[in-house]
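Noted in TrEMBL for the protein shown:
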| type | residues | note |
| --- | --- | --- |
| BINDING | A:His85, A:Asp96, A:His195 | Zn(2+) 1 binding site |
| BINDING | A:Asp96, A:Glu131, A:His384 | Zn(2+) 2 binding site |
| DOMAIN | A:214-313 | domain 'Peptidase M20 dimerisation' |
2 protein chains.
Amino acid sequence: MARPSDHVDGARLWRRLMDLSRFGARADGGVDRQTLTQAEIAARAHLVALGRSLGLDPYTDEGANLFLRCPGRRPDLPAVLAGSHIDSQPMGGRFDGAFGVMAAFEAVEAIRAAGLVPERAIEIVAFTNEEGCRFSPGMTGSDLFTGVRTLAEVAGIRDAAGITQGDALAAVLASDRDVPQRPFRRPVAAFVEPHIEQGPILERDGIPIGVVTGIQGTRRYRVTVTGEAAHAGTAERRERRDALMAAVRMIAAIDRAAADPADTKLTVGMIEVTPNAPSVVPAEVLFSIDLRHPDNAVVDRLDAEIRAIVEAERGPCAASLRQIQHNPSLTFSPDLRAAIATAAGALGLPHRDILSAAGHDARQLHAVCPTGMIFVPCRDGVSHNPAEWAEPDDLAAGARVLADVMWHLATGDEVRAVAS
Amino acid sequence: MARPSDHVDGARLWRRLMDLSRFGARADGGVDRQTLTQAEIAARAHLVALGRSLGLDPYTDEGANLFLRCPGRRPDLPAVLAGSHIDSQPMGGRFDGAFGVMAAFEAVEAIRAAGLVPERAIEIVAFTNEEGCRFSPGMTGSDLFTGVRTLAEVAGIRDAAGITQGDALAAVLASDRDVPQRPFRRPVAAFVEPHIEQGPILERDGIPIGVVTGIQGTRRYRVTVTGEAAHAGTAERRERRDALMAAVRMIAAIDRAAADPADTKLTVGMIEVTPNAPSVVPAEVLFSIDLRHPDNAVVDRLDAEIRAIVEAERGPCAASLRQIQHNPSLTFSPDLRAAIATAAGALGLPHRDILSAAGHDARQLHAVCPTGMIFVPCRDGVSHNPAEWAEPDDLAAGARVLADVMWHLATGDEVRAVAS
């Protein structure tokens, strides 16, 4: 039987990734293509045009998720999906998300080039606002698609400029007038998300394919510290209610608490100071906390410690902690993990099981259909950074595994876990 | 002899302060009239119109300082100046700066209402960008006027939106087409700046008039911490170069160092994080330090400690500290202090010597002419805050002292210190 992976073209995949990286290109080689911005709208138009040139049918939904559908023999069966996201961090790289979407294009083209027509439709998907840097929290598109959140819940979230996510979605959908809209929560037979590892393990071990076993648990918080504005030159220390000094004490203590165990990931990535003027004692500070660990018990213990620290270090200020996200650790479908490992093995590609330290849209899809992820190495584990880099051969290997897995899923051969 | 102070109208002064507070009014009762903004341009137009209605001649200069001149009998003699500034902090109050300017109007009107014509011209002045919150450092107008800095030095400074101070100055001067421009560094006979105390002493002691003895020393810094952006979910703690955690350690240690002596004022009012995204380890942090103490030796010792802390706490990040301002403590003209105390005494107003904890334009003028400041109480010492408040009677008392002092200075009677 023809093997789709034989028709994967690594050079074409690389060229298309570089083409996509022009949308929102940064001078330092990175990408700033934050969700629902003009840069992403342009990238989206590019993908719709590319899909149409390949005979794929574009669809969207009220969450601005983008689907490019390759029809199968049986339109009555739910489709199999492959893809990721095309939005980036403000100082993002060229591969995070983009690789998953462009690898899905490659898989569909390879299946066709092999002269094969699948039973089920295959859809390439790019979910909206995976990153959550402009509108927080992220995973907006996959949350809406799977019903975790509703449009009403996400529409009012504002970016730093005060624009609501609802208005930003409307602007994107207006630019997609010729793309038909479908409802959320359509049945899906399976989802596969290829992605760079965003960690150092595969590169260190010299293994091109990671069979992702699951995703580590995450809690995300916002802490607001409220003090009182005062003149920097006149207000006495004992009279001050300095929101920044209270926040600094909290962050330093939280960082110390998270030093054990050593594989805890604790990040304060965002801090907003009001009024943020050099000669004014800060009246208010808002900061983010991102806490992750593979062991749910560790996350839960640190959750309690963080709450205690915020209270203990607030001094004369008021403080409130709001948990905005809590995702326990999850384990992906054993059948899909086996399908990925089998495809890699048949291609002679070294592979290993690996836990995803980062969240992905696959978390949301996991709740509604058999879901898996294919990791490929990235240099030094660097991601969310303009220096992000992956080797063309590794990306091609990931696309080859994806092509064979998608064909497998779309024909139903030997895939017991695929919903009928 | 007629006493100008008898003609000071406290109700008029209050009404005019409230009128001025409409420009840049905040919903919380405060003022956001940052320098060279549309709100300040409108306030400026209001003052030019008010001055013209009183027969005063408006002038400006390339630094957009605003002068309203009441001519004297001897145009050949340098003028005496009174005033302050009308720009505010983003979360500012109605009295900081504005009181000094409106009290100067009251003094000029009172002198005229008393039927007096001074020997020297009296000029009301509003200096540009005293606050330094939009374009840092502040005192731009008085620095330019007195020659401390040149236009070339200040023009390239950018606000948070990337606008240069030079472009912002040009926009204001364009709106002042009908106001004649004069050169910087014109000779001045004397300068008096009335101001709210911005501290708790006068209110606590129940004394309406503070004879300001001098200004406490200040050092201002910017610290840049450079780390590396990384993914919050995947980058291991030991591999991170987290710019925010390094900055937090520095700020916490600097705050502890500044706890002794207890009257040290140490403020970190501004912090900018790049990329400031919740799921990205911060790549760079810029923060401000504002350090003040009346004793230059204390400031110098803490300067050395701060430099050592920045180096000691940077961890795997790079750090650079830049001192952007250093003003040693200064003592105002004994003659002017005596003139203010004498005027207050003649009016039966309780007065006391007081050190200014905050910087003022008077610092710059002190370098070129006999200079003094009159403080009035403000509630709870609160300033740089929408809740800033001063009692109408105290403001009127300050304006009365100013009126008599300005008459004294403008006639030259008994004022040995005034330059010819």
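From the backbone N, Cα and C atoms, a Cβ is placed for every residue, glycine too.
Source: prediction; values computed, not measured.
Contact annotation for chain B: of the listed binding-site residues (A:His85, A:Glu131, A:His384), A:Glu131, A:His384 place their CB atoms under 8 A from a CB atom of that chain. It is 8 Å from the Cα atom of A:Asp96 (Zn(2+) 1 binding site) to that of A:His384 (Zn(2+) 2 binding site).
A simple way to gauge crowding: the CB of A:His384 (Zn(2+) 2 binding site) has 31 other CB atoms within 10 angstroms, across all the protein chains here. Here the CA atom of A:Glu131 (Zn(2+) 2 binding site) lies 9 Å from the CA atom of A:His85 (Zn(2+) 1 binding site). Across the structure, A:His195 (Zn(2+) 1 binding site) and A:Glu131 (Zn(2+) 2 binding site) are spaced 14 Å apart at their Cα atoms. Close to the recorded Zn(2+) 1 site, the chain also has A:Ser84, A:Phe95, A:Gly97, A:Ala98, A:Phe99, A:Gly100, A:Glu130, A:Glu193, A:Ile196, A:His360: residues not among A:His85, A:Asp96, A:His195 whose Cβ is within 8 Å of the site's Cβ mean position. Remark: A:Glu131 (Zn(2+) 2 binding site) has A:Gln34, A:Thr35, A:His85, A:Asp87, A:Ser88, A:Gln89, A:Gly92, A:Gly97, A:Gly138 as non-local neighbours, by Cβ distance under 8 Å and separation of at least 6 in sequence.
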